[in-house]
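**Student:** Take a look at this one; I'll ask things after.
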Amino acid sequence: MSNSAVSSADSIKLTEYSHGAGCGCKISPKVLTTILASQLPVFTDPNLLVGNQSRDDAAVYKLNDEIGIISTTDFFMPIVDDPFTFGRIAATNAISDIYAMGGTPMMAIAILGWPVNKLPAEIAQQVVDGGRQACMEAGIMLAGGHSIDAPEPIFGLAVTGQIALTDLKQNDTAKADDRLYLTKPIGIGILTTAQKQKKLKDEDSQIAVNAMCQLNSIGAKIAKIKGVNALTDVTGFGLAGHLLEVCQGAKLTAKLNLDAVPLLPRALDYLAQGCIPGGTHRNYDSYGEHLPTLTDHQKAILCDPQTSGGLLVAVSSEAEAELVALLNAHQIEPICIGSLETPTSTANVVLC
């Protein structure tokens with residue numbers, strides 16, 4: 001390691017080594033559309049049930065008439081300073097895509113980029129151990145991985161899962177009159193930006209961390225409810241962005257009750273201090289034309305990029321009570337934030 005490398009692990013603040021943080025690093029939806037617009041002939045496989053033709057959380061491949069294999073990957077730059085916690089959050093976030101399809105994870109492979117001439121290998125080891133801890137909590141092995149020398153720290157997973165095809169849930173299959181439920185509060189981008197701006201109080205340091213380290217394993221149980229018509233997780237594109245994917249995929253309009261959207265404790269206090277991540281502005285610039293007129297305050301909430309955010313569930317009114325009972329049984333507050341309806345205008349989202 002060069003003389004410029006940091007020698008004291010206690011003095012290292014990982015967020016100072018990255019230009020972005022967590023899922024706020026994601027390329028904006030508008031730019032991503034350009035990147036994915038391939039000029040090559042379309043290759044099809046009848047066994048690929050979910051691929052990049054839709055904007056879903058993971059790919060699903062039909063193994064036989066009963067079982068599908070789920071494949072996903074997710075990685076990002078540090079969103080917290082502590083290496084172990086960073087690894088745990090990154091892994092929890094990556095595994096979430098399996099749960100968001102209604103599946104269960106089977107194994108994971110680590111993805112590591114590390115500035116070897118700036119940060120000690122021992123710090124990278126703590127990051128990987130954090131990822132291993134999240135995998136253990138999900139009941140899977142961290143079975144291998146790949147690493148490169150990179151200018152900024154990067155960590156994540158490629159995760160393989162399985163799904164009973166009868167339980168497969170997608171983000172574009174919602175139906176009119178479905179009710180919308182959210183399983184985690186919004187505000188992770190606001191609180192982590194407060195940390196990066198050195199405004200986060202010590203007593204608030206675990207609020208976002210605790211939310212980001214919570215596995216979305218409830219998704220595998222939610223998927224068994226027949227009246228759940230669509231399922232996705234809320235991550236870097238914010239609540240509005242992922243809700244738009246649900247609406248546009250199913251050609252529906254969402255009636256969103258903004259007052260019902262749950263917020264992390266102290267999120268509004270830090271928002272008032274100007275703790276708005278750059279990803280919020282990129283998100284709004286990408287899809288704001290599909291939203292109703294919003295105040296700056298409303299934009300900051302709806303477009304706030306989440307890292308390891310909660311699940312967004314579209315459920316029929318007939319199955320709503322079953323979903324509520326399931327969430328209550330797992331100590332998850334059931335919060336209905338709106339509903340879906342047949343469009344009467346070009347608006348994808350309206351506030352009610």
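Cβ coordinates come from backbone N, Cα and C, glycine included.
What you see is a predicted model, and the numbers here were worked out from it, not measured in a lab.
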**Student:** Would you identify which residue of Asp97, Asp177, Asp178, Asp285 Swiss-Prot lists as part of the Mg(2+) site it also attributes to Asp57, Asp233?
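**Tutor:** Of Asp97, Asp177, Asp178, Asp285, Asp97 joins Asp57, Asp233 in the Mg(2+) site that Swiss-Prot records.
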**Student:** For Asp233 (Mg(2+) binding site), which residues of its chain lie six or more apart in sequence with Cβ-Cβ distance below 8 Å?
**Tutor:** Asp57, Ser96, Asp97, Tyr99, Ala100, Asn216, Gly219, His242, Gly309, Gly310, Leu311, Leu312
**Student:** Using the recorded Mg(2+) site (Asp57, Asp97, Asp233) as reference, state which further residues of the same chain have their Cβ within 8 Å of the centre of those residues' Cβ atoms, listed in sequence order.
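**Tutor:** For the Mg(2+) site the neighbour list reads Asp56, Ala58, Thr72, Ser96, Ile98, Tyr99, Ala100, Met101, Thr232, Thr235.
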